[in-house]
Amino acid sequence: MTIRSLPALSPLALSVRVLLMAGSLALGNVATAASTPAAPAGKNVTWEDIANDHLTTQDVLQYGMGTNAQRWSPLAQVNDKNVFKLTPAWSYSFGDEKQRGQESQAIVSDGVVYVTGSYSRVFALDAKTGKRLWTYNHRLPDNIRPCCDVVNRGAAIYGDKIYFGTLDARVIALDKRTGKVVWNKKFGDHSAGYTMTGAPVLIKDKTSGKVLLIHGSSGDEFGVVGQLFARDPDTGEEVWMRPFVEGHMGRLNGKDSTPTGDVKAPSWPDDPTTETGKVEAWSHGGGAPWQSASFDPETNTIIVGAGNPGPWNTWARTSKDGNPHDFDSLYTSGQVGVDPSTGEVKWFYQHTPNDAWDFSGNNELVLFDYKDKNGNVVKATAHADRNGFFYVVDRNNGKLQNAFPFVDNITWASHIDLKTGRPVENPGQRPAKPLPGETKGKPVEVSPPFLGGKNWNPMAYSQDTGLFYIPGNQWKEEYWTEEVNYKKGSAYLGMGFRIKRMYDDHVGTLRAMDPTTGKLVWEHKEHLPLWAGVLATKGNLVFTGTGDGFFKAFDAKTGKELWKFQTGSGIVSPPITWEQDGEQYIGVTVGYGGAVPLWGGDMAELTKPVAQGGSFWVFKIPSWDNKTAQR
């Protein structure tokens, strides 16, 4: 293995250079199908299969392990009594030199594991043996602009096709048996910063009865306007597109439909000197829905996070001599309920109005039944935001039900006002403009930093304990303003930063929290940042991975560490579990990378010793152990 040797990064400049290098390294990729035998034909995946993904155990068909994104499994063959006997069943190496940034959640169907790799690759593996069935290597151009490493977070499956996105702004359908391309659709200009890193998902529109493929764009840090797409999964043709910057025009059936919100976009300042009549930032305003959407079939609503506004600099999105609190930069840094029939916005709740800190609202939206302090049940979303607060929102209308901190020492706001739904900001936490003649403003110490109290790595919800298991980080940053102007293909931030430790003995924390009271039930600390997702099971277990390569299991009620295994590289992906031939399997993608080593300042230095890698590991109780492997 190669030991990571990225240097500590000065704010912005070196990060961008490393990202551009990532694009050039990918040039040698060639689109291929494996010469090994095709995957078993199996049955086509139906919408009913996907709709029941959270209930069934033999497959994992959707990102989040169900349309509700709870990452909860009813499997209990592996449990708190026998997890110490968990051993590797097999592992598969992704091979070649692309050993970094493996953030993929695998899916499983009919005895085949489909897992994506960094640099826009897909692998089909026999779920019992790890035998490679086929590989797809997407050929990438040398001018891709991924902000946060060359990652891919997963694929989707429906019918006889596998779907995934690429770093050159494409969504592709592959034949699930052979890996051959069925269709390939370009949705944005990759040289301007459009990419796709999140896993697409399938939903079924109750109104039309049609199954749709839903995916978003990435690229906020390069000044793109974020877009959510619905496609025909058979042909790849666009059904609708919804932009997440107020006043930008949507599309329906290939024609302009309606603007998002008010066509005059009052939440963005006017500027009569420009072609649009709005400030420059409005044309490059971000809001990209780069994480996977959840779907509520009861209300027929797609629910997805909207990314940070562009640029990060709050003053570029505020009128001259104006107050940032008068310009919310809609529809960024929040959660959006979208009508699957038309792509219209049904409701919007903003976590961070006029976000000055890159607190992108993209973290997963978990659908669950929330019981308030009076015992009333609300169909809700749960969201642990990068800004450090945990939100419970009514998924019927987007109204806030509860909010509380899930990390320590939040500086930018004192609390979330439950009546207004808005944060109560602390004075002095929006960095001031540079003084005349200066190139940067006075630094401010902010917590959480822009990488968040929790980033994209998804939490899990246990239907047994009623707790959320949140992989967070306790850290802070020095943060200052810089001059900013849009240039195609260049980072569009207007801010400088350096992330620092908050505590000497740990950065990462896995916390079990009660969504009604906000109470911390238990906590596990890690020396390195936590960037892996979480899995909860009926076996009273919680699984996650660590930056130094351990895959770990905890008692879901007490937080006691029950088992761990060294995989050889840092884990920055969500684990899954499934049942096959009467045995429970647990799988996780392994290979360090992602945003921390690229953007993390002191944290990049901390993670230097972590080995790079690229593999998929599968564990189970040994078949010969019939005494404790309860079936």
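Yeah, the Cβs are placed from backbone N, Cα and C, and that goes for glycine too.
On a predicted model such as this, the values are computed, not experimentally measured, just so you know.
Here Swiss-Prot flags 1-33 as signal peptide.
Summarising the environment of Thr56 (Ca(2+) 1 binding site), the number of other Cβ atoms within 10 Å of its Cβ, over all protein chains shown, is 15. Sequence annotations record features per position, and here Swiss-Prot assigns Ca(2+) 1 binding site to Asp53, Thr56, Asp59 based on similarity to another entry.
Annotation source Swiss-Prot lists pyrroloquinoline quinone binding site at Glu103, Arg153, Thr197, His215, Gly216, Ser217, Arg386, Trp531, Ala595, citing similarity to another entry. With a cut-off of 8 Å between CB atoms and residues at least 6 apart in sequence, the same chain places Asp358, Phe359, Ser360, Gly361, Asn363, Pro448, Phe450, Leu451, Gly452, Gly453, Lys454, Asn455 near Arg386 (pyrroloquinoline quinone binding site), listed in sequence order.
The region 'Disordered' annotation in Swiss-Prot covers 250-286 (among others). Counting only same-chain residues 6+ beyond the ends of the region 'Disordered' (250-286), those with a CB under 8 A from a CB of the stretch are 220, 223-226, 238-244, 307-311, 316-319, 322, 327-332, 342-345, 485-486, 492.
DSSP classifies Asp358 (active site, proton acceptor) as coil under the three-state reduction. Taken from Swiss-Prot, the feature active site, proton acceptor covers Asp358.
Per Swiss-Prot, region 'Disordered' is recorded for 421-443 (among others).
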Fill in the blank from the handout: DSSP tally for the region 'Disordered' (421-443), helix/strand/coil in that order, comes to 0 helix, 4 strand, 19 coil
Fill in the blank from the handout: The rounded CA-CA distance in Å from Thr197 (pyrroloquinoline quinone binding site) to Thr56 (Ca(2+) 1 binding site) is 27
Practice task
Just give me the nearest neighbour of Thr56 (Ca(2+) 1 binding site) among the binding-site residues Glu103, Gly216, Ala595, Cα to Cα.
Solution key: Glu103
Problem - Reduced DSSP assignment, Gly216 (pyrroloquinoline quinone binding site) - result: strand
Exercise for the section: Identify which of the recorded positions Asp53, Asp59, Glu103, Asp358 has its Cβ surrounded by the largest number of other Cβ atoms within 10 Å, counting every protein chain shown. Expected result: Glu103
Completion exercise
CB contacts under 8 angstroms to Gly216 (pyrroloquinoline quinone binding site), restricted to the same chain and 6+ apart in sequence, sorted by sequence, are Met196, Gly198, Gly226, Gln227, Leu228, Phe229, Ala288, Pro289, Trp290, Gln291, Ala293, Val304
Fill in the blank from the handout: Ala595 (pyrroloquinoline quinone binding site) falls, by DSSP collapsed to helix, strand or coil, into helix
